[in-house]
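Q: Here it is, the structure, as structure tokens.
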């Protein structure tokens, strides 16, 4: 069997030659032309740059022990490599930028996941991709591509040092198995050694070859297809079904690769190797047509360039190194020509560049892994590798997706291949055809010619052997005897042959029966396939529904993840807002506590001042009491003196009248007629005198009463002052206690509200977490509203309580101010009342003095009138009795003198009383003035104390207001601006009707019972026999059925 394969030729093509060519994507596909899914026209015209990855190996143990200087530094974050070079005692740093940079500490897994994994995914999308390692010998190319030498997995996992090839294989199988795709996979493994291509998967040759000069590994020809592509004729392909099989093939091929020990590498690869994986994946178009998607991955491990003088290569190793350097030099020239857009690119100068032609400037996606050494001893080779790799970045490929093939075209191609193989097998069985490769046939023809010449040379020896003919005749006689024996045996054998013919006839009958049974089985299989096709169609429909459902579930999960992320952000925001609110409330609490302490200090000072003021007022009140007591005593003594004087006047008047009465009675008899009129006048005069005396007594009594009332008013005024002062200070204490209680209530209410807010928030969060799994959509919609409403309510309550407490403080302050103003007004009113009482007392004293003067004047006038009357009576009665007149005159004179003395005593007593009253009033006024002065001083002190208290309370009010405003703004900012709300992305899947097949339709897909199928098949067979009369027509009808009946299984169904 002749197989030919190219590096980038995964698409099979039917051909008339004996063999199957796999050429680059874009060739004809056996008449099954389909639209190729290529990259956009803009990218196709512009091209895609070759991806270049740089990896620096770590220092070896020998380099570490010898303290070899490091001249390479890798910056993986900036994707740069810096090389330090000393020229003419001057340090020069050269920096190279690549697509990816991996330093000495990088892992195999990191390199694969970051750079190679996307390329493997593109292979599964239908692209041709090439990955090859390039660099100096001993820099880790083979380690990067294949790994540390062991591919045994632990618990299904690859070892940590597994390279690109095993990891790519594992990823391909994992993705295909996860997609439940139908696929087939083939691998090839070739080696390029000294410009000769060797198949590493070819079977081992015989130990004793026909031609002695034949080698163990036979070179294979490199052919061109005339369209710019190349392919390798006769390359062995292995069909693989698992990653383990590929690992075995890799181990098998790697064991055949040529390696040798040099001074730079203990196991240096002396050849280039190319491991290719071709994948055919079946997929369905939108019209339900089955297509084959083809992708190919080429994994190239290049031999490293080396300096012969430094590597120690001799003889054959030197020739190997020369061929390696020659091919790599050609690769460098190709890279330079592609970068410089040269008209001629020297692909044909080396087989390596011919094999990599499509990977460099062609239709393949290419990734170059450049490996370097950090040692100063390898600086020249390292700079060369960096220059070539940096130039290779500018190579532009134009990758295209391979054309998809129809399944029917692939099946047709496979049928033609099967027919060709059948013909070869038949020819081999009949031994009448050429069934070996053309090269082997030509080789055997040459061998036959050599043998003919040898026979001619031995013809001369035949005559010499004629002498042996006699001996041979004797042997012939012996053979005749043996022939007779054999004839007898032949008779027996013929008899056995007859028996065998009979058995063969029986076998033919059984064969016919078996053939009819096979036809029955084929009929049953046909019906089973028909049912299977219906089930497959139903399964495709269900798969489409499942994909839609999976997309919906993915959308729902993404929405849930987005909402969880927003909820986490909101939860952290609320926690941060809670801590900020707690800090601000602590600051506010400290401010209020400081203000309360200051208010307590001020109130304590005010209390001390008021205690001193009360003590001074007590002393002043005590002085007033003493002054009033003295005034009362003075007033009582004056009243007593007046009473005694009035009594003396009464007694004198009575004694005088008694004497006059006795004198008059003694003269009554004599003067009764004469003094009738005079007596009446005297009686009238005495009556008027008594009336005036009684009026004077009443006026004195009223004056004393007014004095008592004035003093009582002064005492009541002092008592009212004391009561007002005491009430003022008690009200101040009440207001201070109210302020303290309001502040404490404010603090307690705020703490309680914060605790309630925290409890409500925790309860709300707990309830949401419990209900989140049951009502995700509803809870996410209502969570924000409830939390916002809860926090707004709490903040509103805080605002209202702060406003209420502020208004309470303002009311208390205004109440204290009003009370202070009312105290001032009462104090002024008391001063006015005191002055008014003083003026009334002074007026009363003056009026009493004037009344007493008038009474005295009236008494004097009346006394004068009485004297005149008595003189007139004396003159008129002189004639009546001179002696009586003298006695009466003496009596009257005595009475007048007594009255005058009494009047003088009364005047002196009144003046003395008035003077004492004036003195007492002045003392009382001086004490009142001193008390007023003390009261004014106390009011000034209270005002000086109240003013800073008022200022501090105003500052506390402003600070409290600003703090509350700040808390409100922070809360509003946190809950209105920073609090995230899940905005609809319009990507949530809508409710739709899922088309589920009914149980009846599913039951209709079931294949009928085996007995019923046989019964129907036999009835149709009997009807055909009756119509045609033989079985031949029936067989022709059966052979005319579609090929799917005789060959029911699709050749590309995965059997893993």
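Cβ from N, Cα, C; glycine included.
Feature annotation from Swiss-Prot assigns ATP binding site to 135, 136, 137, 138, 139, 140, 141, 142; the stated evidence is sequence analysis. Annotation source Swiss-Prot lists coiled coil at 443-525, citing sequence analysis. Summarising the annotation, Swiss-Prot assigns compositional bias 'Basic and acidic residues' to 14-24. According to Swiss-Prot, the feature domain 'Kinesin motor' maps to 49-395. Summarising the annotation, Swiss-Prot assigns region 'Disordered' to 1-44.
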Q: Neighbour count first, Cβ atoms within 10 Å, every protein chain included; then name which of 135, 138, 140 tops the list of binding-site residues.
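A: Max Cβ neighbours within 10 Å, all protein chains included: 135.
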Q: When DSSP is mapped onto helix/strand/coil, what comes out for residue 142 (ATP binding site)?
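A: Helix, per DSSP.
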Q: Have a look around residue 136 (ATP binding site) and count the other CB atoms within 10 A of its CB, chains all included.
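A: Around residue 136 (ATP binding site), other Cβ atoms within 10 Å: 25.
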Q: Determine the mean pLDDT over the coiled coil (443-525), rounding to the nearest whole number.
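A: Across the coiled coil (443-525), the average pLDDT comes out at 83.
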Q: Using DSSP, would you call residue 137 (ATP binding site) helix, strand or coil?
A: coil
